[in-house]
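Visitor: Below you will find the structure I want to go over with you.
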Amino acid sequence: MRGSVLVALAATVGNLLQGWDNSSIAGSIPYIKEELNLQSQPAVEGLIVAMSIIGGTTITTFAGTVSDSFGRRPMLIMSSILYFLSSIIIQWAPNVYVLLLARLLDGFGVGLAVTLIPLYISETAPSEMRGQLNTLPQFMGSGGMFLSYCMVFFMSMMDSPSWRLMLGTLSIPAVIYLSLTLFFLPESPRWLVSKGKMIEAKRILQRLRGREDVSGELALLLEGLGVGTETTIEEYIIGPANEITGETDAKEHVKLYGPEEGVSWIAKPVTAGFSSLGMLSRNGSLANQSVPLMDPLVTLFGSVHENMHTTGSTRSLLFPNSASMVSVGENQGTNEHLDEEGDKDGEESYPEAYRTDSDDNLRSPLLSHHHSSMEKGTSHSSMFSSRRNSSLVNSGEEGVMGIGGGWQLAYKWSEKIGKDGRKEGGLQRIYLHQEGTIGSQQHSVTSSAGFGIPEDEFVQAAALVSQPAVCSKDILGQASEGLAAIHPSEIAAKGSGCDALFEPGVKRALIVGVGLQILQQVAGINGVLYYTPQILEQAGVVVLLSSLGLSSASASFLMSILTTFLMLPCIFLAMRLMDVSGRRSILLYTIPILVVSLVVFILGSVFNMDSSLKAVISTGSVMIYLSCFVMGFGVIPNILCAEIFPTRVRGICITICSLTYWIGNITITYSLPVMLNYLGLSGVFTIYAIGCAVSWIFVFLKVPETKGMPLEVITEFFAVGSKND
């Protein structure tokens, strides 16, 4: 996964620039006031700082939507250009008006980076390490603040510090970022698939994953364009072909093909529930809850992760090598593979618009049409194939492809004669997940048909079954032969408008995303950061540093260096835990610490005590608050917002969440002086403590665990769990 890691590191240079800018403007404001004679114009001083926030808020309103149309990479290139232009203009700004213009351009760059980098990483990272890589923006942002404060500190010790130099040094990392976006960062493969550019998407996936065979993930990206509106949860018992025989009619069995020749496993649908997913689905449509008011989605997601712990890994034991599987059937020799640029065979089954070798008009990554005569009938088979990979899909058969996180993407052809004599059913997509094993030898795992699980055991599996995105019911009904396909760009365009925001699954995801962004601000991070220098000054830190010969400004910058430096190991720890403990667990464990630290600070402020003890309590509680905040609430809302929305509306949903963040940021920041005036510091921190407590309740009841799950499976779960809304 080295390619994915390097791409994520390169993208997060934009977050380093954001942190760098925040620190450099804080350090240069005293010198700007002095040179431009702003001592009597506090409104202009405030506007210089706020202009970046105004620019970020403005560009966020359409950043996601524009990136859906033109791509993620062009927007990141634009962000780097804006960073560079603003730093160049600042260096020769002759007056405050030009300085304000430069700050506005800088805000545009910040807004694009903050909005799109988490989205870009989520769309390029493998599911097993998506959380870890999406913690990098927070780490790089804090790293940028640390480096910038170090620079400002040393410049402040010069005889005549230059604010232009402090702000203009941003141009150096900006040039590096521009070079990386132009020559190193690839386009998001998910965005490319949404535009039908399968060849380029495959090439980028091969680079990111470091392997040639990416057909399974490519098929997953295509399926992610359409979230099933009629998804059902089914249950299977899966075992060796010679073990499940004679119990039911063979037509009820689903054949699973593996990497070795012949049928390796048989999946038997069951109606008596053993699967936690299946039981949740049947029992009151996910409504029966052990915890009152808890969102059923939380229980649904939780059941998946409980089973991951049971099986001991997020990697499926069913098909550990399924990314390179080739399905083999009796009639395989009669079928030819479809090259992704287009094959003439079966072309009649497609609309005329798709019969071209053009990359923009490519039909789908894995779908072709080959017909075979079936015994006692005229039903046709379909083959999902790639240049090196194929999965034969005949009546009652599945071809399985690994998609990460212990999940498998499968397709089956299910067709039967209805009561009216007409054929019912057709091609179905399955997201398959192992839930456990049944048998007496769970401790001795041997090799069976190349699957690496005991020969005499059965595997429990749950599946999300729905119509695949590549098929249209309307076209299927009209086609006389074979299977008709829809161009990927048509799938993406079908539900990319504002109407898609009112789909139950998308609405539920927006509640989670917007709620987290609001509560992140209500938790009071901006107020604590604003007041930290004063708290440290009251604790005597400034006096101690001044006794070492430092000016008050240099002492203040050194305190900021210490504060940001302490954040880095905490963010690194969160990075290590994000895909192990999970997003939800980290929030549930860190938010109570925020509440306790704020309460301790309040008690230390209210009760009379020795000044030294009071200073220790104030400093310690604030440092603990900041450390735990950056581990959880500082990074996880952005990670979740980049994970829970369908591909076709991800851009506009990210825009809504980011806009909520910016508006909340402005509201909390500018209401702080008023609140301090009326309520005092203890009153303000009491409100923040209440906000943290409310945040914990919201996370416990509404926020599901998404670690290790493919993005497409996450959005499918939201659709399933919300279809009764």
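Any Cβ shown, glycine's included, is placed from N, Cα and C.
Note: TrEMBL annotation is automatic and uncurated.
Pulled from TrEMBL, these are the listed features:
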DOMAIN    7-707  domain 'Major facilitator superfamily (MFS) profile'
TRANSMEM  43-63  transmembrane segment
TRANSMEM  75-94  transmembrane segment
TRANSMEM  100-121  transmembrane segment
TRANSMEM  133-157  transmembrane segment
TRANSMEM  163-185  transmembrane segment
REGION    327-396  region 'Disordered'
COMPBIAS  338-350  compositional bias 'Acidic residues'
COMPBIAS  379-396  compositional bias 'Low complexity'
TRANSMEM  552-574  transmembrane segment
TRANSMEM  586-609  transmembrane segment
TRANSMEM  615-640  transmembrane segment
TRANSMEM  652-672  transmembrane segment
TRANSMEM  678-701  transmembrane segment
Visitor: Can you say which of 100-121, 163-185, 552-574 has the most Cβ pairs under 8 Å with the transmembrane segment (75-94)?
Guide: 163-185
Visitor: Is the count of Cβ pairs under 8 Å between the transmembrane segment (652-672) and the transmembrane segment (100-121), pairs 6 or more apart in sequence, 3 or more?
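Guide: As far as Cβ distances go (cut-off 8 Å, pairs 6 or more apart), the transmembrane segment (652-672) and the transmembrane segment (100-121) touch.
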Visitor: For the transmembrane segment (586-609) and the transmembrane segment (678-701), does the number of C-beta pairs under 8 Å, pairs 6 or more apart in sequence, reach 3 or more?
Guide: yes
Visitor: Is the count of Cβ pairs under 8 Å between the transmembrane segment (133-157) and the transmembrane segment (615-640), pairs 6 or more apart in sequence, 3 or more?
Guide: yes
Visitor: What is the average pLDDT across the domain 'Major facilitator superfamily (MFS) profile' (7-707)?
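Guide: Summarising the domain 'Major facilitator superfamily (MFS) profile' (7-707) by its mean pLDDT gives 75.
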Visitor: Taking a Cβ cut-off under 8 Å, which residues six or more beyond the ends of the transmembrane segment (552-574) line up next to it in the same chain?
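Guide: Distant contacts of the transmembrane segment (552-574): 23, 26-27, 30, 135, 138-139, 142-143, 145-146, 149-150, 152-153, 156-157, 532-533, 536-537, 541-542, 545-546, 586, 623, 626-628, 630-632, 634-635.
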